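Student: This is the structure I have questions about; it appears just below.
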Amino acid sequence: MPTSVPRGAPFLLLPPLLMLSAVLAVPVDRAAPHQEDNQATETPDTGLYYHRYLQEVINVLETDGHFREKLQAANAEDIKSGKLSQELDFVSHNVRTKLDELKRQEVSRLRMLLKAKMDAKQEPNLQVDHMNLLKQFEHLDPQNQHTFEARDLELLIQTATRDLAQYDAAHHEEFKRYEMLKEHERRRYLESLGEEQRKEAERKLQEQQRRHREHPKVNVPGSQAQLKEVWEELDGLDPNRFNPKTFFILHDINSDGVLDEQELEALFTKELEKVYDPKNEEDDMREMEEERLRMREHVMKNVDTNQDRLVTLEEFLASTQRKEFGETAEGWKTVEMYPAYTEEELKRFEEELAAREAELNARAQRLSQETEALGRSQDRLEAQKRELQQAVLQMEQRKQQQQEQSAPPSQPDGQLQFRADTGDAPVPAPAGDQKDVPASEKKVPEQPPVLPQLDSQHL
């Protein structure tokens with residue numbers, strides 16, 4: 001998996017365990033018992049996707065006296081070849097148990113990572129072979145997912161060493177692409193201007209470049225002139241009494257007996273300030289970081305004889321005895337004096353940008369079409385919704401009308417008017433419609449029966 005490592009972070013992890021600190025760097029206080037007010041130095045993130053696992057393994061191994069002793073006596077080849085990893089068989093049971101648990105946690109983390117990755121790319125019901133997928137992670141042994149063995153330590157060290165060693169090359173490539181993009185945008189901007197405006201923009205650019213080149217002489221990193229300038233201006237000491245050993249001790253910030261990459265890069269600050277000022281429009285801070293990296297690489301190439309990315313006192317003192325240490329009259333050539341790319345590389349880069357832009361435009365067009373289709377679908381749904389609401393309203397109105405028609409009439413004051421119940425009584429015919437009826441056919445109203453009266457004597 002790709003890694004991105006912040007500047008200066010890769011090799012700060014495990015002094016005084018010097019050899020393994022070529023892979024990591026965990027600042028450790030050499031003084032015997034730690035005081036409560038001594039705060040542990042925060043470990044910088046290497047940028048590796050397995051940084052936490054790597055750090056925790058180192059922290060656990062550091063607690064074992066036997067392994068720590070063997071590590072201090074080992075050289076870089078013993079570590080890289082895997083010879084030191086065999087000492088894992090002799091660490092305490094408690095340490096092995098902690099390492100086993102760390103590995104199980106790492107395997108579990110990778111499984112979840114892989115599952116999320118596969119779910120994003122494939123069908124959810126697809127069966128995933130986690131064993132095969134774990135093989136793409138080279139910092140652990142996928143054949144044994146439960147215990148931490150010598151092979152795990154060997155793979156962890158080798159993978160971290162390789163990944164961190166690739167940091168500088170990746171940084172240079174990133175800077176090249178940055179410079180090509182900057183030039184591409186500059187040319188496109190000039191093409192968009194009229195002739196007079198273009199001439200003015202080109203004149204302004206040339207003026208900025210001229211101001212950027214006008215700076216004091218930059219000393220060669222690691223040279224006598226450069227170190228003496230730090231000695232005088234940063235350390236405030238007499239340049240005529242420059243002492244390389246004292247200089248080394250002063251700038252070994254964590255007193256671990258070596259100058260790591262951050263400690264070396266701190267020595268270049270005065271030189272970089274001669275060329276780059278964040279307040280100046282013509283000074284690019286990305287170029288300054290590239291310059292810092294070039295300076296560090298130059299020192300490492302000439303001073304770090306065993307290529308463990310750490311400068312020991314012996315290596316530093318030996319470098320001050322070389323002829324090149326004092327012969328630096330020409331000074332250091334800054335990054336703008338070396339083209340970061342060729343015209344052919346720029347052409348390929350612009351073709352890549354054009355292809356990517358065309359792809360993005362096509363994708364944007366598809367999204368626009370899909371958005372329009374969704375809009376039309378939404379309009380249809382809204383129309384159907386309005387029709388449905390209108391139909392419901394009409395039904396409610398009809399229902400209300402039917403209820404009003406079936407209700408009894410009401411008096412003017414709003415009260416309902418009810419008729420008296422006439423029973424079986426005949427309804428008189430309207431006047432004028434009555435006909436003469438024979439007396440024999442006329443109904444005589446029935447009289448109630450007459451009861452005989454009883455004399456009071458009979459009671």
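Placed from the backbone N, Cα and C atoms, the Cβ positions cover glycine too.
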Student: Can you dig through Swiss-Prot and tell me which residue of SER81, SER85, SER319 is labelled phosphoserine?
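Tutor: Among SER81, SER85, SER319, the one Swiss-Prot marks as phosphoserine is SER85.
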Student: Going by Swiss-Prot alone, which of SER108, SER368, SER377 is annotated as phosphoserine?
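Tutor: According to Swiss-Prot, the phosphoserine annotation belongs to SER368.
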Student: From the ranges 116-146, 271-301, 302-332, grab the one Swiss-Prot calls motif 'GBA'.
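Tutor: Range annotated as motif 'GBA' by Swiss-Prot: 302-332.
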Student: Compare the Cα of SER85 (phosphoserine) against each of the binding-site residues ASP252, ASN254, ASP256, GLU263 and report the nearest.
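Tutor: So, of the listed binding-site residues, the one sitting closest to SER85 (phosphoserine) is ASP256.
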Student: Select one residue from ASP252, ASP256, GLU263: among these binding-site residues, choose the one with the most other Cβ atoms within 10 Å of its Cβ.
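Tutor: Selected residue: ASP256.
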Student: Calculate the distance in Å between the alpha carbons (Cα) of SER368 (phosphoserine) and ASP256 (Ca(2+) 1 binding site), and round it to a whole number.
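Tutor: ASP256 (Ca(2+) 1 binding site) has its Cα 61 Å from the Cα of SER368 (phosphoserine).
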Student: Under the DSSP assignment, what numbers of helix, strand and coil residues are found in the region 'Disordered' (192-220)?
Tutor: 19 helix, 0 strand, 10 coil
Student: Within the same chain, where does the compositional bias 'Basic and acidic residues' (192-209) have neighbours whose Cβ lies under 8 angstroms from its own Cβ atoms, ignoring anything closer than 6 residues to its ends? I mean 6 or more beyond.
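Tutor: Hits for the compositional bias 'Basic and acidic residues' (192-209): 186, 281-282, 336.
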Student: Among the recorded positions SER85, ASN254, SER368, which residue has its Cβ surrounded by the fewest other Cβ atoms within 10 Å?
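Tutor: Among the recorded positions SER85, ASN254, SER368, the lowest count of other Cβ atoms within 10 Å belongs to SER368.
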Student: Determine, from DSSP, whether SER368 (phosphoserine) sits in helix, strand or coil.
Tutor: helix
